[in-house]
Amino acid sequence: MGEWTILERLLEAAVQQHSTMIGRILLTVVVIFRILIVAIVGETVYDDEQTMFVCNTLQPGCNQACYDRAFPISHIRYWVFQIIMVCTPSLCFITYSVHQSAKQRERRYSTVFLALDRDPPESIGGPGGTGGGGSGGGKREDKKLQNAIVNGVLQNTENTSKETEPDCLEVKELTPHPSGLRTASKSKLRRQEGISRFYIIQVVFRNALEIGFLVGQYFLYGFSVPGLYECNRYPCIKEVECYVSRPTEKTVFLVFMFAVSGICVVLNLAELNHLGWRKIKLAVRGAQAKRKSIYEIRNKDLPRVSVPNFGRTQSSDSAYV
């Protein structure tokens with residue numbers, strides 16, 4: 001149960017900031033109606049699945065062969081595999097969003113340091129210092145301020161200060177550079193577009209996985225679990241009758257999981273409709289548009305070189321005759 005709790009926390013982190021309202025409803029459906037029911041109820045229902053699968057024969061190996069024919073993969077294992085695969089796109093989205101947030105913090109810190117480097121120490125602490133009045137005092141004050149900048153914060157690091165010096169350094173507010181603001185806004189916009197594009201892509205992949213597992217469940221098990229299963233598979237000598245434990249309970253559980261998968265598919269389609277099919281097309285074609293824009297910018301920045309026209313020579317004129 002501890003592994004499922006970790007998965008629930010990761011899914012909650014995936015939809016905490018970037019998901020829509022439909023995505024949060026889908027998370028509730030996945031967590032409550034899938035993870036909790038499979039982890040708590042499913043293990044109890046399918047605990048004696050193979051041991052209680054009894055066939056009316058004493059032939060060695062016949063029970064195991066018929067069980068493998070009746071259930072190529074166990075219901076509970078199929079649903080666990082389905083939950084893991086369906087949650088994989090959301091986990092990939094968590095990794096991508098955390099990575100982008102870390103990069104954004106690094107850019108923000110680098111912007112602060114660039115702003116501090118642009119302003120000289122004289123403009124921060126005054127033109128002539130507080131006690132020197134000349135070039136020597138200015139140099140001492142510059143050295144003092146340069147030593148005081150620690151992680152982008154101005155601190156008074158000198159322990160042996162004179163009584164005439166103030167306890168705190170008077171610092172004026174730094175005004176960010178306009179080019180830095182434009183660069184920061186552009187990078188933030190690109191980051192938001194990238195996260196939105198990746199979110200749409202993971203919703204598309206998640207819906208495709210839901211539909212694939214729904215179809216696979218239908219072809220493997222159908223909509224009911226029979227109580228009596230007839231088997232003539234080797235090494236059975238003749239056709240034998242096998243009995244499945246708790247067929248009605250398993251049928252109800254199977255139909256319930258069909259309904260949950262159908263609800264998840266409908267919610268995924270509703271979320272895609274909410275995000276907009278036009279945005280989805282842009283997200284799918286985002287890489288091509290990005291390459292095209294980079295190509296146009298490069299062609300615009302390159303200087304146009306005029307090719308000199310030497311005209312036709314006599315030999316070239318004769319060549320066209």
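Placement of Cβ uses the backbone N, Cα and C atoms for every residue, glycine included.
Just so it is clear, the model here is predicted, and its values are computed rather than measured.
The record in Swiss-Prot shows differing topological domain names for TYR229 and GLY276, meaning opposite sides of the membrane. For the topological domain 'Extracellular' (43-75), residue counts in helix, strand and coil come to 13 helix, 2 strand, 18 coil, using DSSP.
As a summary of secondary structure, the topological domain 'Extracellular' (221-252) carries 7 helix, 8 strand, 17 coil according to DSSP. Residues of the same chain lying 6 or more positions beyond the ends of the topological domain 'Extracellular' (43-75) and with a Cβ under 8 Å from any Cβ of it are 220-221, 229, 231, 233-237, 240-246, 249-250, 253-254, 257.
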